[in-house]
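Peer 1: These came from TrEMBL, pasted as-is:
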| type | residues | note |
| --- | --- | --- |
| TRANSMEM | B:6-29 | transmembrane segment |
| TRANSMEM | B:70-91 | transmembrane segment |
| TRANSMEM | B:103-125 | transmembrane segment |
| TRANSMEM | B:137-155 | transmembrane segment |
| TRANSMEM | B:243-262 | transmembrane segment |
| TRANSMEM | B:268-288 | transmembrane segment |
| TRANSMEM | B:300-319 | transmembrane segment |
Amino acid sequence: MFEKLIQKGLEKSAWLYHLNTGSCNGCDIELVSVITPRYDAERFGFKIAGSPRHADIIVVSGPITSQSRDRLIRTLAQVPEPKVVVSLGSCPRSCNVFNGSYCVEGPLDKYAPIDVSIAGCPPKPEAIMAGLVRAVEILKEKRRAMK
Amino acid sequence: MELLKRILYILFYPGLLYCFVGGLVLAGIDRKLLARMQKRVGPPIWQPFYDFFKLLGKETIVPRNAAKRAFLAAPVIGLISLITVSLFIPVFKFSPFSTYADLIVVIYLLTIPAVALIVGGSASGSPYAGVGISREMVAIISYELPMVISLLAIAKKVGLELNNGIMTFSLSQIVEYQAQNGPLFTKLSMIPAFIAMLLVIPCKVGSLPFDIAEAEIEICEGPLVEYSGAPLAIFKLNHAIKMLVMTSLFVTLFLSGSGTGILAVDAILQFILSIVVVFFSITILKAITARLRVEQTLRFYWTYPTALALLSLILVYFGL
């Protein structure tokens, strides 16, 4: 009955959960700049949620360090379906300059399927916005597949 | 016939449908105004509707160590009590149920949503929720005192005129008084209580300088931390309806009058006045302040708003 409204809601109001798995803080600052008045992602309904239970899109930044690996797995399991995993920057895809370090256990796709990856070190806010819009499309597809 | 009319009241105008649409639109206007004040474009006014329907489409997870029944029932109890309050608040002279209820019932019913938040939070079994509910209790203690004292001042003021000097808690009598003598906020003795109630509203609805219980950044929305899907949607709806109910109560207490006599016009007028109250008491404060600490909130409410409310009560006894 509400399926159309739910689809519209998913399109217009995706909440982000930002998960830092040992990032150098560059990508985190760029993600925060997306919600500042200059770029204002809230006009598309994006909002940073405090708890993984409220999230639709999980944004992972940083190579997976051994300290954060268990937390990553547990946090991803806590997010309700449908959910989309977005990798932010080069680190979650390739571990970037941290590759081969004794404390890095990445890349991210060992632990979770990545739906959208945003390239850059750090990516530009425009690129992050484009990635998030793509993530919303995937979110809607996943909801359709759930039915 | 009478019964059918009652059911229509409950389901449509002051009841369920009006609360749903009016509350969410009010929340959307608040978000849009806040965004414009921060020089942002901001979400569309329908954004809370999108949020609500999106959350309905999400999976509902009940944590393993949660008390399942209390966890799922808490938001619904809050919603029901808020809709009941909305039925008891007169829209100018139109008041479907207010012969049975007065300010005391409204005060008690307005506490239930906060209690539902506490029950839901404690049932979820999360440490963040534990911190959140203890803060929510502090918030209840802090805003209840100035609110009750300013309501007493209003009751005495109206009672002196209409009830032979005995306090009256009847909402329809308060409206009657304002229809005869003009809105209450124009009276000298009521101005301190007016300001005190204006300061109580943001804590009651949990908006920014006083949102200690649901501090998103510190404790991940406190009692709501484990909620997802439909129960979270209902809690968000409760939030919006609380805003609508508190502002319409405020309008009824201070800005009411005889109205125009046509229900539709009165309803629109009441809603517009609600938007104005939201703008002054919630949105501006949200845009210019940062969150207070727990004990700062308690100290703030037990000094300035309480002093203002007491001043108002004293002025009423002097007959101003």
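These residue numbers are counts, starting from 1, taken along the chain as shown.
Keep in mind that glycine also has a Cβ here, set from the backbone N, Cα and C atoms.
Those TrEMBL annotations? Automatic predictions, nothing curated.
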Peer 1: Go through B:137-155, B:243-262, B:300-319 and flag the stretch with the largest number of C-beta pairs under 8 Å relative to the transmembrane segment (B:6-29).
Peer 2: B:243-262
Peer 1: Are the transmembrane segment (B:243-262) and the transmembrane segment (B:70-91) close, by which I mean at least 3 Cβ pairs under 8 Å that are 6+ residues apart in sequence?
Peer 2: yes
Peer 1: Are there residues at least 6 beyond the ends of the transmembrane segment (B:137-155) whose Cβ is under 8 Å from a Cβ of it, and what are they?
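Peer 2: Long-range Cβ neighbours of the transmembrane segment (B:137-155): 103, 107, 111, 114, 118, 167-169, 174, 184, 189-190, 193, 196-197, 199-200, 203-204, 206, 210, 212-213, 253, 294, 297-298, 300-302, 305-306, 308-310, 312-313, 316.
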